[in-house]
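Visitor: Please read through the structure below; I'll follow up with questions.
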Amino acid sequence: MSWKLDKQFSDKICNFSHDFFNKKLIKKGKPISGEWTVLATLVLVVENTSSYEIKQVLSLGTGNRCLGKSSLSNQGDVLNDSHAEIICKRSFQKFCYNEILNLLQSKYYNSILFNIEYHDSNNNNKDNDNNGSLPTISIKKGHSLHFYVNQTPCGDCSIFPFKKETQPENFIEKEKLEKDGKDKIENHEKKEQKDIIKQVDKDKDEENYEDEESKRKLKKVKDDNNNNNNNNNNNNNNNNNNNNNNNNNNNNNNNNNNNNNINNNNNQYDDIQRTGAKTVFGEPEDKKLIGVDYHQIGVLRVKPGRGDPTVSMSCSDKIARWNVLGIQGSLLSHFIKEQIFLSSITIGDLFNHSSIYRGLIGRLLPNPTTTTTETSSSSSSSSSSSNTIPNFKLNSDLEIFSTNIQFQFSKLLLESDQQNNNKSTSSGLAISFCYPNQHEVTIAINGKKMGTNQKNFNAISQRSSICKFNLFKLFHQLVLIIKNKNSNEENEKNNQIVLIDSLFNYYECKHLSKKYYQEYEKLKEFKFKNWLTNSSDLENFVLDN
């Protein structure tokens, strides 16, 4: 049976991910009592004509914080975004580099995911890696990648309506609690900035550090518990029907119906699930009115910050971009034949099928359905023409699944525990893992390895293995091996690898991936015009020659 037809597939992916976290990862970096975090995994599934097997967790990430603009580095030596989804994606990229290196170094190496083929400078296929042969990497037939995250990604996916009558607290009191929490954070900001290095040395002090998003959503998640469990059950049924029919039109109808419910039948709903992610410049701003009109939907957002604003796009926006550009990124696109797309995404807490479909797929379609003036203007602000068919490849076949199985360190589970009378906080650490056994813990508030202090902050040894600089080093290792295998004079005249080998500038090497950036420019032109990009000053770092 295909995984698409298995009604228990999402629960199997969830359990496989949880078991891996609990049994295969060491304790280092995991939340302590009273702490919560977000978990994301990328799982390999291998399918044949009659069955499938959930094979391996290829990468994993935990975390829910990111750096403010003033904390970014122009050396590529810190992790800017430590949300679990992004840690998982960067860990997967590290896995890709390692696998390709192994394939290049040994013709006997059997990759768990990739095939390697060789061709000459005229793109003619060759049987082996003799001189003059260039490698092309592709995913093995029947192999697919499946993303799991234990709660809805921040940003557009997490905005959906609900009925106030299902909530255990008075709405006005809840709003007051949210405001009080935000004020307390702002009052303590200066003190915490001074103590930042001291805090990272002691795990127990991490509970005193919490960003605006964490504080705000603790109240909201607790309120939305009952309502969203109902949403999960309903949407599980919808998803199973969609899978059995394998019909994307059902997804479109679900998304359109949800938009109509929000905007045309406001009496059905009292409020909207809120996100701390802020709209980017150029997008319509949130109206912040009472009830369902608080947020705009379908717009680009940045992750919330604490006084120091961030320039990291929301996870909803980043995953949507993966549905066009792939999860391999620009540098790996030099070697990998086609974009690497996710086949499915399974989400736990705060699941709402329509909002997730809208955030990841619907708003990228040629004519996304909008039913209010404000939402329509949002769509046009991110699109040069809503009637123009985007000339880019969209992963519209992405399957969206839900699961009611909760992660043991989820915020929703922690807040619903009636025996927990202590204040809950988000973990200040982020775990990254990539297959087969590379495990690392970083400090989310400074983007460096666990154990970093004031004295060793700038030490090379304290850089994360998945920071830009270190992934760039892996990229150049690939380039050097390919160049050495491709040393005849004719190929050196025509080979872009030789050109790349002469460049040690991160920004320049990224932008040499012409196919990737052609797709990226199309995406910006037609849909994501206001996407925030890093200043070139932050990406002009170089490797030692």
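Cβ atoms are placed via backbone N, Cα and C, with glycine included.
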Visitor: If I go by Swiss-Prot, which of His18, His83, His439 binds Zn(2+) at the same site as Cys154, Cys315?
Guide: His83
Visitor: Going by Swiss-Prot, Lys89, Arg90, Lys318, Arg321, Lys510 bind 1D-myo-inositol hexakisphosphate; tell me which of Lys140, Lys141, Lys468 is listed for that site too.
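Guide: Among Lys140, Lys141, Lys468, only Lys468 appears alongside Lys89, Arg90, Lys318, Arg321, Lys510 as 1D-myo-inositol hexakisphosphate-binding in Swiss-Prot.
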Visitor: Including all protein chains shown, what's the count of other C-beta atoms within 10 A of the C-beta of Lys318 (1D-myo-inositol hexakisphosphate binding site)?
Guide: 21
Visitor: Across the domain 'A to I editase' (59-541), what does the mean pLDDT come to, as a whole number?
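Guide: Looking only at the domain 'A to I editase' (59-541), pLDDT averages out to 77.
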Visitor: Determine the Cβ neighbour count for Arg321 (1D-myo-inositol hexakisphosphate binding site): the number of other Cβ atoms within 10 Å of its Cβ.
Guide: 21
Visitor: Taking the residues Lys89, Arg90, Lys318, Arg321, Lys468, Lys510, which the record names as binding 1D-myo-inositol hexakisphosphate, find the longest CA to CA distance and state it in Å to the nearest whole number.
Guide: 19
